[in-house]
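The following features are taken from TrEMBL:
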TRANSMEM  A:20-41  transmembrane segment
TRANSMEM  A:61-79  transmembrane segment
TRANSMEM  A:118-137  transmembrane segment
TRANSMEM  A:143-165  transmembrane segment
TRANSMEM  A:177-203  transmembrane segment
TRANSMEM  A:231-250  transmembrane segment
Amino acid sequence: MRLYMAVAVGGFRRYATYRVATAAGVFANTVFGFIMAYTYIALWDERPRLGGYDQAEALTFVWLGQALLMTCAMMGGGFGEELVDRIRTGDVAIDLYRPVDLQLWWLAGDLGRAAFHLIGRGIAPMVLGGLVFELVLPADPLTWVAFLVSVALGVVVSFAVRYLLALSAFWLLDGTGVLQISMLTGLFFSGMLLPLTLFPGALGEVARALPWSSLLQIPADVFLGKHTGWGLIRAYAFQAGWAVLLLGAGRALQTVATRRVVVQGG
Amino acid sequence: MAVAVEVTGADSTGAGPGPGFIEVDAVEKVFSVRRRGASRLRREKHEVRAVDGISFRVARGEMVGYIGPNGAGKSTTIKMLTGILTPSGGRLRVAGIDPARERTRLSYRIGVVFGQRTTLWWDLPLRDSYRLVHRMYRIPDARYRENLARCVELLDLGELLDVPVRQLSLGQRMRGDIAAALLHDPDVLYLDEPTIGLDVVSKAEVREFLRDLNAERGTTVLLTTHDLTDIEQLCKRVMVIDHGRLMYDGELAGLHEVGRSERTLVVDLERAAAPIELEGVRVVKVEGPRQWLAFPASRSAAPIVTAVAAAYPLVDLSVREPDIEAVIAKMYAGRS
Amino acid sequence: MGSGATGPVGRVWQLRAGVRAYGLIVMMWIRSTMTYRASFAMTTFGNFAATAFDFVTILLMFAHTEALGGYSLPEIALLYGLAGTAFGLTDLLLGSVDRLGRRVRDGTLDTLLVRPVPVLAQVAADRFALRRLGRVFQGLLVLGYALVVLDVDWSPLKVLMLPLAVVSGAAIFAAVFVTGAAFQFVAQDAAEVQNGFTYGGSTLLQYPPTIFAKELVRGVTFVVPLAFVNWLPALYVLGREAPAGLPGWLAFLPPVVAVGCVGLAGLAWRVGLRSYRSTGS
């Protein structure tokens, strides 16, 4: 446990050292936040209360999306590229012989990363957005806590998905294609491009049932006070359920992959 | 104690025997870096003299070792000589070309191998990387075929040409990189740690090739390394740089002298004995029947061996050369 | 003086050498990607789909409304198609220049500087990926859809405006890419700033200017002249007034603006490279 704690702290520190990169990222988040905010204003001007949100809630959704984009790694990233690289070069063989659990190792590092991104990349865009647009912030401190729990669950689900996809590099040798697909699905089905409540009919139902809704849609709804009481428990259960299921699948795949490690150029 | 810097090659006017093929006159490179100062927020500008007034000449066909601790200014010098960096002061010429001003023209005359940064194409067969060099440097076809054949033969690349680079071992890749740097017939070859990370056999192969290259083609070679054996086996002349200054320029043997470095004679006696007493020899360590005797690197080992053999029952012995770090460390100790 | 020297002759030589080297390196990358065919197929599709999701988002919006900022779906499709195609071309041709900072950090930029071809050509060709054609196709598809369903009173000038806008737009985006890369000589970790302008810019242009604040529209006209990529020419084609009270004749300026931007970007690149060579950082 102490080891994984250290790995998590390492993950945090590793990203914290890149100050310029963080500032640059906040800039990009803010630019996208502005663009999306204006498109949402145009849309909600036409259709107030669309998808169950009023305009202020919709704008809050936009900026929450920018704040959580990196934290929940909706575009992929984090450890994914590194693990794929290690698989491609065969370095992963070394990892497999170490007396640590591969999945927990990467999970710990990713949680550390997420914690940094929440602070470094999450707060500033939210504040900047709040200065220009009217946002809805929870008055009850408990809602903030509930939101953070939901974000944490979202990070674990996000990790589990990315881990599964990265492992596919064992079979494909070059994982860039997979990483790209994961970026797409992450962006679209998390609600990053448009809240999932706006997706029509069956598409909407499917999208809300997929794991990616844990990344933004659910945390945002918790933030906006749409899930309370039993509803909140149900939301958590949904996220935790996906987390367990996907982590288990990742573990199973890891076992299979371990058996067929091919060291490139060995 | 000050270390005399011996200037080898031509005098500073560039005339005389073996006109400077590489000419470096009072070259400086000053970086200004921002460091976090006393307060966490304010960053202070700091001037770092990475290369602080270096002068030397290298004649055509020479093979020179360029050594020094990390951060001493070695790679900054190489970067200025290859035209990557512009010097802050002084004058540089390589084959009569000012590297900073005519980087492109110079690139046809030089070959560069960065030990840890391969320029080969990871996913493609070795042959493809060479084809790119062929086209990029506009090497005439006949010339290219001839050079490739020679490199393939001498570096033993025949079997590897159609293998994707990602499947090559480190040593094979290094040989591949060296070949890539030579296909356009450069007059000067810069090697940055060419044997780093290689096994003993690969190291020997690389050295042998470089020796032949220098002897047969007259290619001027400047190499940086951490491995004293590289220098011993390849370079008559060595330059030592530290804190941006040239500390020594001359023969390797002389470097030993300057550093007052010691070689070690390891003797195995028939049985454990009291430390051997011999004039000019210092016992460094005793471990059962084995003893380590240090003596000045400039002295021949033969009389010592004879003296030991005459007085003690000798089973086996070996002589160890001083390693480069120790030599340089001694040199600094003597200077301050 | 050497062939790489400055002066008009040197420039022309450099340009030709650059284009030739660019072609050589691009071919190497294409062959490299072909060694992973499964991944290539997947990424090409992924690239197509990635951008398609952008348009799907707009379609989803129009599932709830008839107009956005006073623009119909076909009109927005025209804006989207022009910006998407132009951006896709730039992304295809030099989409990896934003990796420059990484090259500076890991020292691989130095290996490019000792070769006899212009560094910009090598950086532009870096990681060239045919899969990025996916984005271009997607842009063209939406553009095609717009042209089929739009009811435009076509004139020769309006027809000419479309290819002109795509080419000028690609050049303007290219200038933004290269300027961003030049900035990374100074700030190596600032790739995301560039993304804000490039990807952010192309997202911005997918929507009509009427939904944005006037200052923002002015900013992308006069400061970072993205408005010339598609807004101004497309609004002329649609017979609408130029946005934010700007004069209508601006619609004819994209080629001029593109040339100016490319010139400035070239200058920025030279300054950046020179600063790298003097600081080595």
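Cβ atoms are placed via backbone N, Cα and C, with glycine included.
Because TrEMBL annotations are produced automatically, they should be read as predictions rather than curated entries.
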*Contacting positions for the transmembrane segment (A:143-165) when only residues 6+ beyond its ends and CB under 8 Å are counted*: 68, 71-74, 76, 78-80, 83, 103, 106-107, 110-111, 114, 118, 175, 178-179, 181-182, 186, 211-212, 214-216, 218-219, 222-223, 225, 227, 232, 235-236, 239-240, 242-243, 246-247, 249-250, 253
*Residue list, the transmembrane segment (A:118-137) vs rest of chain: Cβ under 8 Å, 6 or more residues beyond ends.*
15-16, 22, 25-26, 29-30, 33-34, 37, 56-57, 59-60, 62-64, 66-71, 151, 224
_Range from A:20-41, A:177-203, A:231-250 with the greatest count of C-beta pairs under 8 A to the transmembrane segment (A:61-79)_ = A:177-203
*Which bits of the chain, at least 6 residues beyond where the transmembrane segment (A:177-203) starts or stops, bring a Cβ under 8 A of a Cβ in it?*
50-53, 58, 61, 65, 69, 72-77, 80-81, 84, 158, 161-162, 165-166, 168-169, 210, 212-213, 215-217, 220
*Quickly jot the same-chain residues contacting the transmembrane segment (A:231-250) by Cβ under 8 Å, restricted to those at least six beyond its ends, or write none.*
103, 107, 146, 149-150, 153-154, 156-157, 160-161, 163-164, 167, 211, 213-214, 218, 221-222
